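J.: Before anything else, here's the structure in question.
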Amino acid sequence: MPNYTVTVATGSQWFAGTDDYIYLTLVGSESCSERTLLDKPLYNDFERGAVDSYDISVGEDLGEIELVKIEKKKYWVHDDWYCKYITVKTPYGDYIEFPCFRWLVDDKEVILRDGRARLPQHDKTGVAKQHRRKELEQRQKTYRWKEWHPGFPMSIDAKAHSELPREIQFDSEKGVDFVLNYSKAIENLYINQFMHMFQSSWGDFEDFERIFMRIKNTISEYVMEHWKEDFMFGYQFLNGCNPVVIRKCTEIPDKFPVTQKILEASLERGLTLEEELKEGNIFIADYELLDGVTPNATDPCTIQYLAAPICLLYKNSQNKIMPIAIQLGQTPGEDNPIFLPTDDEHDWLLAKIWVRSSDFHVHQTVTHLLRTHLISEVFGIAMFRQLPAVHPVFKLLLPHIRFTIAINTKAREQLICECGLFDKANGTGGGGHVELVQKSMKNFTYRSLCFPEAIKARGMDSQEELPYYFYRDDGCRVWQAVTSFVTDVVNIYYDNDKTVQEDVEIQAFVKDVCSFGMQDFDYCEFPKTLRTKEQLVEYLTIVIFTASAQHAGVNFGQFDWCSWIPNSPPTMRKPPPTKKGEVDMKYIVESLPDRGRSCWHLGAVWALSQFQENELFLGMYPDEHFIEKPVKDAMVKFCKNLSEVTKVIKNRNEGKKLPYYYLSPDRIPNSVAV
């Protein structure tokens, strides 16, 4: 009588084990085994971290094992179980791996294919094709698109984290409770005594410094000491939290009427403004997106203000980026003066503060929320809907959307919802952040997610012209490493361009992203088909890079750069000045956030800058969804390339007062999960 040995591995997460009944059926090409009870309740099998083995005898040869069916039946109360993998040893001594890495909940069954990745056109048996089809039919019922706000990318159809499929929830919902985490952060920062002091202004900058002394780190302390200086203001456009706004200026826009006479004191090479433009020494940061956005009006006791400034920057002879002119509105006029470094120090300082505040809003809502969180969720939902677990692209992308749908759902539940935490301290709260996303969607294109192209489109690609643009340099290194890895994996499964074209599932995936996720907006230019291996490699590189490196580059520096509140005010309580010479230090301090809003802001940027517990960084794939040696070899090569990038960045940072490490691979999580 043929005998099969089945080994079952239970996850090591808290509450991963189960006391429920577990049944297993082997499905072969010739026959099926009987439904076998593997464990009775309270027999101490399937405990957290356990690996249990069972012998299954069958009356006849099952043929090639194609599927393993697992069923969990309630013993007393429903007891979720996390199954890592199942290994089947056949009567002939062969071992077949069946990766699972998912939760079994309620009285549900899971049917597993063996771990070899296959394209749809390479499945030949009726059993395999039917399983593939049924898996996607079930997933499409489970993972449904929903429009959260008009004009937004689509999101998951779930009002709360608890409504999500168990396999994409956080292991512990408590760990991602924004209210709890922000409150803990405020307590840890020793500022909880101020958190309810709304409308209470700080006395002076030294007041800010007194609460800051307990929480400073190397970079944030340096920011506190130098934030008023023009070089620090300019440096942040290159290597701060939002290094994606600055672009080379080749022509002064009509709405910003600066002239040679106005700027000549700042142009130190003896060239005219026109000559400096031609030499590539003039840059611009335009916050036009904020024009007309409604300021936060959720607190009737505090009027809050927004501005849409334009800032002109100059690369001086030391290759430092320096501000040379600031206009705080989009429409020129007598009530919208152009502020200059030669103006009264208070006028110039307040103008820079307004730019930094505007940059904070664009960073939080556009650079961070829209262009990493929301777009990664679109990729994730489409992946679950269109790619079965046996597809190589599903196996490749799954680690890079880990917890992304969960963190976004939690954010919609607590953070960016109506009356959410975002409203407490942010000038775009109360609906302005929604308007900002809707406006920025009109400029959001597929090509803008391609890192090297995005850098080049802003005229920022020359290392010779801008030798200290570390975001660009490190980003390009990581992009190349990811591209190389994706190319290796794609080459294993796709022989040629025709193989890509004939993969109906990958075509359905990209179409779902464009037609549903991005709502088929004409201006987004997301592809609906992929015709070549090169296009597929670029598409998958974009998905992985956006979820990992791009998110890390714009998220984890928030405490460094935004904790010194005068450097990144989350809101402003006085309107932008309309004349010069009327501002003093008292007016500036009263413009800045009050004590309560300052504390909520500090709690937010601290919490958002923390890695998850048991974080998985780029190149770490502990769940072995791939079992093929060529893919494992590609992963080893990927890790080696990433290690070399880490070493280059570490060597460059040695001895620097302002090290740049946000795109060091050892600090880049695999996915958007915070």
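In case you wondered, yes, glycine gets a Cβ from its N, Cα and C as well.
No curator has checked TrEMBL annotations; they are predicted automatically.
Just so it is clear, the model here is predicted, and its values are computed rather than measured.
Sharing the feature lines straight out of TrEMBL:
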type	residues	note
DOMAIN	2-118	domain 'PLAT'
BINDING	Gly17, Asp79, Asp80	Ca(2+) 1 binding site
BINDING	Asp39	Ca(2+) 2 binding site
SITE	Trp103	site 'Essential for stabilizing binding to COTL1'
DOMAIN	117-674	domain 'Lipoxygenase'
BINDING	His368, His373, His551	Fe cation binding site
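So that I understand the layout, could you describe where these features sit and how close they are to other parts?
T.: Per-residue pLDDT, averaged along the domain 'PLAT' (2-118), amounts to 89 for this model.
Annotation for Gly17 (Ca(2+) 1 binding site): same-chain Cβ neighbours under 8 Å, separated by at least 6 residues, are Thr10, Phe46, Glu47, Arg48, Gly49, Ala50, Trp81.
Long-range Cβ neighbours of Asp39 (Ca(2+) 2 binding site) (same chain, at least 6 residues apart, Cβ-Cβ under 8 Å): Tyr21, Ile22, Asp45, Phe46, Asp52.
Proximity of Trp103 (site 'Essential for stabilizing binding to COTL1') to non-local residues of its own chain (separation of 6 or more, Cβ distance below 8 Å) is seen for Asp80, Trp81, Tyr82, Arg166, Glu167, given in sequence order.
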J.: Roughly how many angstrom lie between the C-alpha atoms of His368 (Fe cation binding site) and Asp79 (Ca(2+) 1 binding site)?
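T.: If we compare the Cα positions of His368 (Fe cation binding site) and Asp79 (Ca(2+) 1 binding site), the gap is 37 Å.
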J.: If you take the centroid of the Cβ atoms of Gly17, Asp79, Asp80, the listed Ca(2+) 1 site, which other residues of that chain have their Cβ within 8 Å of it?
T.: Phe15, Ala16, Thr18, Asp19, Asp20, Phe46, Trp81, Tyr82
J.: CB neighbours of Asp79 (Ca(2+) 1 binding site) within 10 A?
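T.: Around Asp79 (Ca(2+) 1 binding site), other Cβ atoms within 10 Å: 18.
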J.: Any idea what the Cα distance is from Asp79 (Ca(2+) 1 binding site) over to His373 (Fe cation binding site), rounded to a whole Å?
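T.: Checking the Cα atoms of Asp79 (Ca(2+) 1 binding site) and His373 (Fe cation binding site) gives a distance of 31 Å.
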J.: Including all protein chains displayed, how many Cβ atoms other than that of His373 (Fe cation binding site) lie within 10 Å of its Cβ?
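T.: Result for His373 (Fe cation binding site): 22 neighbouring Cβ atoms inside 10 Å.
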J.: Other residues with Cβ within 8 Å of the Cβ centroid of His368, His373, His551 at the Fe cation site?
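T.: Here the non-site neighbours turn out to be Thr367, Leu369, Arg371, Thr372, Ser376, Gln550, Val554, Asn555, Val672.
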J.: Would you mind listing, in sequence order, the residues at least six apart from His551 (Fe cation binding site) in the same chain with a Cβ closer than 8 Å to its Cβ?
T.: His368, Thr372, His373, Ser376, Pro669, Val672
J.: Where DSSP helix means H, G or I and strand means E or B, what are the helix, strand and coil counts for the domain 'PLAT' (2-118)?
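T.: Secondary-structure breakdown of the domain 'PLAT' (2-118): 0 helix, 61 strand, 56 coil.
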